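Everything below concerns the one structure shown next.
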Amino acid sequence: MHFKLTQEMKQRIIVYSTSFIIAILFFTILNKFKDIKRAIQFILTILFPFLLGIGLAFILNNPQKWVEDRLLQNIPMHENHKRILSTALVFILTIGFLILFFSIIIPNTIDSVRQFSKNVAVYSDTLIGYTKDFAYKLNISEKQVEQMLINFDITKKITSVVTESIPKIASYSYGFVKGFINLILAFVSAFYILLDREKLVKGIKKLNYSLFDKNFANYLTLWTNDAKTVFEQYIVGNIIDSFIVGVICYFGALVLKLPYTSMIALIIGVTNVIPVFGPFLGAIPVIIILCLIDPFSALIFTIFIFILQQFDGNIIKPIVLGDKLGMSGFWILFSVTIGGALFGVVGMFLGVPIFALIYAGVHDYIQVRLRNKKITINDRAGTID
């Protein structure tokens, strides 16, 4: 059987190959040239509250438009006043929700961590008992086991982690204050962005078409729209999805009467934002902790988290995220692996949207070039007249 590549398949191969090469070069340059990496990190640190404000504006944009266009539609009021009122209402509700949420989750999580710290010695003794039983079944002498435990010294290692964290409370407090100030700046930035979003878009568009020729400006416009889609569908969607998973995990752990409910839900919810590996990164430490307390509880949790992840992957994620990235499972795995290898957990989370933007950039460039040449690609094999 003779296999022929269609024009669309050829175009996909070119786009993916070029995206792959650009992604590798991008991550390699950042990894090799430490000064560039530090400069980018410094710039991002300075701009962080404003970037966070842009992110908040994206998240609150649709709710704000709904309040303005639907809720305040029939109220006799000037358009500018409607915009101010709708934006203020959305921000008040958002801040109120965040205060309510954190006032519930933070105290419970602190109590869970404090209780866990108190029981570290008991859990390490339990782990030592499991180790001795396992070694006995493997015909390893008790003397060898004792020597191994002395060398490893589980209790000392865990206790040192807890005790070393205490002197860092001052730095944690400074980080909290700095984060709080950044959050205030982010909310203020988001408020002004939502108030004047049409003017901002118009200004950016004017700047774009005044600086660059029409073809390149069109390309940047297409890429910006793709970046907006990636942000809304992936980053915002992932955060919402992880929040839903964390809430379900919290109530599920309550129903199953598992210990450290808030801590478990927080770990599962936070790690769920990481594609592919996130559920494992969150579930494995929780299962280990539960094994030290009650192996049956660990088994129950394992079954529960497996069902929850299936529910998330097949129902929640398709509804919240959709399928707007246009990336196969292989490229998602590739992006997560490369991003994680270079930038750790943050890289695992941001690797997918960065690669999606690179892919979108290459794809849009090809589309603009084909449009300028007045070429339409069809599915049929062969050349184009």
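Every residue gets a Cβ built from N, Cα and C, even glycine.
Remember, predicted model here, so these are calculated numbers, not experimental data.
Under the heading transmembrane segment, TrEMBL lists 13-30, 42-60, 84-106, 175-195, 234-256, 263-281, 287-308, 329-362.
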Contact between the transmembrane segment (234-256) and the transmembrane segment (263-281) (at least 3 Cβ pairs under 8 Å, separation 6+): yes
Stretch in 42-60, 84-106, 263-281, 287-308, 329-362 most in contact with the transmembrane segment (175-195), if contact is a CB pair under 8 A: 42-60
